[in-house]
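Q: One structure, as C-alpha cells, below. Some questions next.
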Amino acid sequence: MPAILHVLRNDHIIQDGPDPVVNYDRHWFNTTSMAMIALAGTLLIHISNAVTSVRLNFKHRIPSLFLVAMIQSLVAVGCHFCRSSDFFFVTDCQFKPYLNNFCYALSTGLIIAGFSWQLAKATPYFWSFMFFGLLCQGAKHIPAIIYTVHMTVGTGYFQECHYATPPFDAFLFLISEIMVYATMILAWAVIIPIRVYRHNQPWKSAIYYYGAIYTVVCCILGMAILCMIITGHTFDLHLEVFFQSKWAIESMALTAQLKRLHQELREFRRSQGDQPISGFVNFNLKHVRTPGKPSPGGSNTSTLANTIRYMRDRVRSTTSSLATGSGGTYKAPSEIESATTSRS
C-alpha cells in the first residue's frame, strides 16, 4: 500500500494517497472560487477592450486618447494574468502584490485621465479643466502610493499571494476614488443642461456629448461598489470580485467612448472626401458646422470648401501658437460660421 504523505500548511491538512483528502475552510473556498470566477470574466472583458483599443489606435495616426486606452487595456490584461497565476503556481509573494497594485493604479489612473480629457474638450475652458484633471490624478494616486507602501504581504493557504493594509490607509484610498467620481458626475451634471438650454442641443445628443453618459454611468457604479466596500455590505464575497468588476466597468466605459469617437471621425473624414484629418481637429468636431448642410447664403459645395479652408488655416494657426508657446483661443460655432462666410 503506497505511503500517505501528510503535509501541514497553515493548519490545513492535505493527505496524498489512494484516497486523497483535503480539509479546508468552506468559507475560504467559496470566496476564493468567486474571486477566480471574477478574474476570469473580467479578463475576457479586458482582452476584448485591448483588441478594440489596439485596432482603433492603429487606425488613427495621432498619439492621443486612443494610445491612452490601448496602454491601460494592455496593462489590465498583464495584471490579470499576473494575479491569476497566484492561484495556480508558487510565486514570489514579496513582489507580485506590489506589481498588481501598481498596475491597478496605473490603468485606472489612465482611465480617469481619459475621462478628464473628454470633460475638458466639452468646455471652452480646456486648460482650466485639464488642471482639474491633474488634481483628480493627484487625489487618486497619492493615497494609492500610501496604501501600497504601508501594506504587508504574505503567502496564503495554497501559495496564493495575500496582502493587507492599515484600515485608515484603505479608507483614504477608497474615499479618494469616491471623491474623484463624485466630481466627475457633478461636472457633467452642469455641462449637460448647459448644452440643452443654452445651445439648444437635444437631450439625447447632450448626454452623449463627448461620451458624457459613459463617464457618468461608470462613476455612479464605481461609487456604489466602493461605498459597499467601505460600509461592509459585501454579501460575504471576496473583495477581489468588487475591485475587478469596477475595473472592468471603467475600461468598458472608456472603450465605448473611443468607439463613438471613432465613428464621428470616420463620418467627418467621409464628409471631407476621405482626406486625412489633423490631430488638432479630431477632438473639436462638435464645434465645426457639418459641411453637408446648406448655408443660408450659399451652396453645399461652397460651404464644404470654405469649411475645409477654415479648418486648414485653423490648424496652421494652432500649430504656430503651440510652437511659440502662446495659448489658443476658443471659437464658438457662430464665430466659425461667420469666418467661413467671410472667406467665400
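Using N, Cα and C of the backbone, Cβ positions are placed for all residues, glycine too.
TrEMBL lists these features:
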- 319-344: region 'Disordered' (REGION)
- 34-56: transmembrane segment (TRANSMEM)
- 62-82: transmembrane segment (TRANSMEM)
- 102-120: transmembrane segment (TRANSMEM)
- 126-149: transmembrane segment (TRANSMEM)
- 170-194: transmembrane segment (TRANSMEM)
- 206-230: transmembrane segment (TRANSMEM)
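Locate each feature and note its surroundings.
A: Counting residues 6+ beyond its ends, the transmembrane segment (126-149) has Cβ neighbours under 8 Å at 98, 101-102, 105, 108-109, 112-113, 116-117, 119-120, 165, 169-170, 172-173, 175-177, 179-180, 183-184, 187, 327, 330 in the same chain.
Note on the transmembrane segment (206-230): residues 115, 118-119, 121-122, 171, 174-175, 177-178, 181-182, 184-185, 188-189, 191-192, 195-196, 239, 242, 245-246, 249-250, 252-254, 256-257, 260-261, 286 of its chain, located 6 or more positions outside it, place their CB under 8 angstroms from a CB of the stretch.
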